[in-house]
Amino acid sequence: MNKCWQAVLGIGLLLFIATPGVRHAMEKSMWCHMLVQFPLWMGAAALLAGGMPARICKVIARWNMYGISGLLITGVTLAVLMIPRVLDQALLHPKMELAKLTALVLAGMALRLSWRPAGLILQFFFLGNMLPMMGVVGWLYTESPLRLCNAYLLDDQIQLGNWLIGLAAVIAIVWLSWITWRITYQETRQTSHREM
Amino acid sequence: MIRTVITSVLIILLGWSAASWLTYDFQIWTDEDARRLEVALHPVEISPVQIEGPDLAETDLPTLLRQENVVTIADFIYTRCQAVCPSLGSIFQQIQTALLNDAGNERPRNVRLLSISFDRKHDDPPALRAYADNLSARPELWRFVRVLQAKQEQALLQQLGVVVIPDGRGDYEHNAALLVFDGAGRMVRVFDIEEHQLALDYARHLARKQIQETSL
């Protein structure tokens, strides 16, 4: 997909999910709030980042060697947004909602701009921190006898916990399969080169 | 590389301060705990809300709470509730028994109980009276009221940080808790329903302190 289209699609998607109707629908349940709204906003922002002019990307890259700053932005943002208080606050105060959504956009853009420069080792380090965190938070959500958010039901919280653990596992499997595929693919290509 | 290092340090500092701001220096993680901490630090004044109940002429909540030297432990209920309210009811029964015993001892006698219904439409005074009789509530110690206007009810719930959500099975879920009001009608503490003994002890302590202060 070319840059222009990515930017247009990103902006379009952002505008769509920012409309009050869609926003409220996504915030109706706790698992939807964290596992549909968060990835959608980050995804739209990632598309937008993909459509950024090369000139700006170059300037950003100077501050983002090996994608370290960017992955930090994503990691720190997600860690903060997983504090249960954030969900309640975002529902109660428009300012907090705005801050939450801005942070998600930043995190999505940062992830897109940093993933490739990071390379395998840093990607592994990033996922090695993020996925266990997701798993632990998910486990806390399923095991807590108390409601952690006043705005959501206990069943909903348990569901979110299970989904978080599941999602962490899926991301880990997908990334590992991709790595395995890439490495074997490269090796076969190299060996076939030698044979020729 | 130096640029990346600077940015990274800044990001970590920013994230750290955001998290520490959200969690009051990593003391609390949920909004409910934040609310309890905030109330303990800054008592909450409530705006006038018209209420009525059995044996109670129409009045407003601050006036009811602001009786001299009286400390009130309040909870939010609705009479059709099947989930958490019965346990709130039995906790209030236990507190009432303790308060009745206090009269014989040298404990302060100015602690009162108040159950506020948030099911305005259904819980009229007769319904509240039936509910109170069922729990053998003593009207001189334990009152039941409902808020008259929907708008004021919303405002009250918001001021007190009570969030009511339908649970999809015809019931409501709410952050059930024991709210302690001082003689000036301000909410001064919020206790978990598990901590009812603590709530009672705190209310007694506050009641005694208020009597001493006025007698001085």
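Note that Cβ sites are derived from N, Cα and C of the backbone, with glycine treated the same way.
Residues or ranges marked as Cu cation binding site in TrEMBL: B:Cys81, B:Cys85. In the three-state DSSP scheme, B:Cys81 (Cu cation binding site) is classed as coil. Around B:Cys81 (Cu cation binding site), the same-chain residues six or more apart in sequence whose CB sits under 8 Å from its CB are B:Asp171, B:Tyr172, listed in sequence order.
Under the heading disulfide bond, TrEMBL lists B:Cys81-B:Cys85.
Around the Cβ of B:Cys85 (Cu cation binding site), 22 further Cβ atoms fall within 10 Å across all displayed protein chains.
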